[in-house]
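Chemist: Shown below is the structure under consideration.
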Amino acid sequence: MNLCLLSPINLSVSSCGLLLQKCLKAKLLEQCKQIHALMLTSHIDMNALSLNSKLIGAYASCGYLGAADLVFERTRNLNIFAFNWMISSFAFHGYPEKSIGYFSLLQQSRIIPNKYTFTIVLKACVGLMDLNKGKQVHSMIYRMGFESELSVANALIDMYAKCGNTEYARLVFNVMVERDIVSWTSMIHSYANTGKIEESFILFEKMRLEGIRPNDFTWNIMIAGYARKGDCDTAFTLLSKMNKEGLTPDLVTWNAMISGFVQSHRSTEALALVQDMLDAGVKPNEVTLTGLLPVCGLIDSVSRGKEIHGLVYRLEFFANVFVASALIDMYSRCGSVEEAWDVFSSVPFKNIASWNAMIGCYGKHGRVEHAIKLFEKMQYEGVLPNEVTLTSLLSACSHAGLVERGLKIFWSIEESYGVRARKEHYACVIDLLCRFGRLEEAYNIIKDMPTKVTDSIIGAFFSGCKVYTRRDLAEKMAKDILHMDLKKPEGLVALSNIYAAEGEWENVENVRSMMKDKGLNKMPGSSRL
């Protein structure tokens, strides 16, 4: 834009309006400032042809919100154009409160909102996650007759969905006279986000029956939804159909698919998916690699892990603490403690996940002293332990037989580390005591547990009673079990085995009756010759 030809002599209201319009569309901030200066020095009537409102729009479109706000405050003849720009620009730049504030000023004026006003103020409601404000705006929309406008209805669905009210979103969707791909996709996304993937699929199929072709975003929602739910077969079928329609999954969808296959222990298919992703020209990110690394532990293949480790270096993700933690965990699962330590040592900035992964690795492989020394070093470096750290330490003490060390850590959890003991910590200390015959201490701890007693804790206790022939304590616990909400029968099965070993079949039958009354059923065993 050539401003050299402009001067206070040949500058007109209409030329200023045209130039500001160009600045707005092309986001030309410096030129906008120059025009503003020329207008001020040439005493152009800023109220003529809504020049003030156009100047507000130009500054707002360039993200120069302070100047837009200043002009807005000094303008007497504001129009809806100026209000819409202020509402939208503040919402877009992450200031939803101010956006709603301008909408409130609009309501106090005599200016009538238009459909664009409502679509952008609903986005501000999403930014605030304010469902009540969204409902108030919906009420205004209904009163002013904008509910039938497609863009407004789509914005309402989006607002209700993102503010966590899928039912209201569906009500808006159901009464829409006209629906487009945005309407269908928003509603499908809403159901998928709340775990109702079957509802998403029904809408997905209905949309196709009504002749609306899903776009890549719609396909991605469906595939990722099924993958996250663990239904990898359906996700893979949809992926194939998407490819046939000439559309390519995005990185989020590939990541969800890979993670879904890994969590379903379908390691070979997860690795094949990564290759498919690379063949499609999609570059993995940190999420891809952290989701994929557990595969190596599942198939106990350190060589595969090293291949992925090489990919981490080629993609320059080696400094990412989450990738590093996943690598440490992978090497730990594969039994490669030294490689895990090499990764840990090379991470420039460690977070609690990195420390936990390495402490857990040492504990898992019996290097308890290393785990404790690393724990002490972590505290020296100012990193506070969390629940996971202490669970790893207690588990390590249990497997190494360090009863007193484990008890000392357990009893000082809250006082020394500011962590409230959870069921995982109790499970570790009960296992530790029962392994070494200190069953009375274990019984007293279980009796006084402030958290819910788990099946694994009961199972560990009864197993200890069986090993150390403490039938008296087993029977005490059996009475206590009547008041517990257990889901699995392992503990009572262990008690039944204690009685059976002594030939007390009547008591065995009593335990089985207790299991039946509590609705606990043991899976029948089988054998092959």
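Just so you know, glycine gets a Cβ as well, placed from its N, Cα and C.
Computed from a predicted structure; not experimentally measured.
Quick paste from TrEMBL:
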- 180-214: repeat 'PPR' (REPEAT)
- 215-249: repeat 'PPR' (REPEAT)
- 250-284: repeat 'PPR' (REPEAT)
- 351-385: repeat 'PPR' (REPEAT)
Chemist: Mind checking which residues reach the repeat 'PPR' (215-249)? Cβ under 8 Å, same chain, six or more beyond either end.
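Modeler: Tertiary neighbours of the repeat 'PPR' (215-249) are 181, 184-185, 188-189, 192, 195, 197, 200-201, 204, 207, 256-257, 259-261, 263-264, 266, 269, 280, 282.
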Chemist: Give me the mean pLDDT over the repeat 'PPR' (351-385), rounded to a whole number.
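Modeler: Summing pLDDT over the repeat 'PPR' (351-385) and dividing by its length gives 92.
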Chemist: Of the residues in the repeat 'PPR' (215-249), how many are helix, strand and coil by DSSP?
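Modeler: Taking each residue of the repeat 'PPR' (215-249) in turn, the totals are 27 helix, 0 strand, 8 coil.
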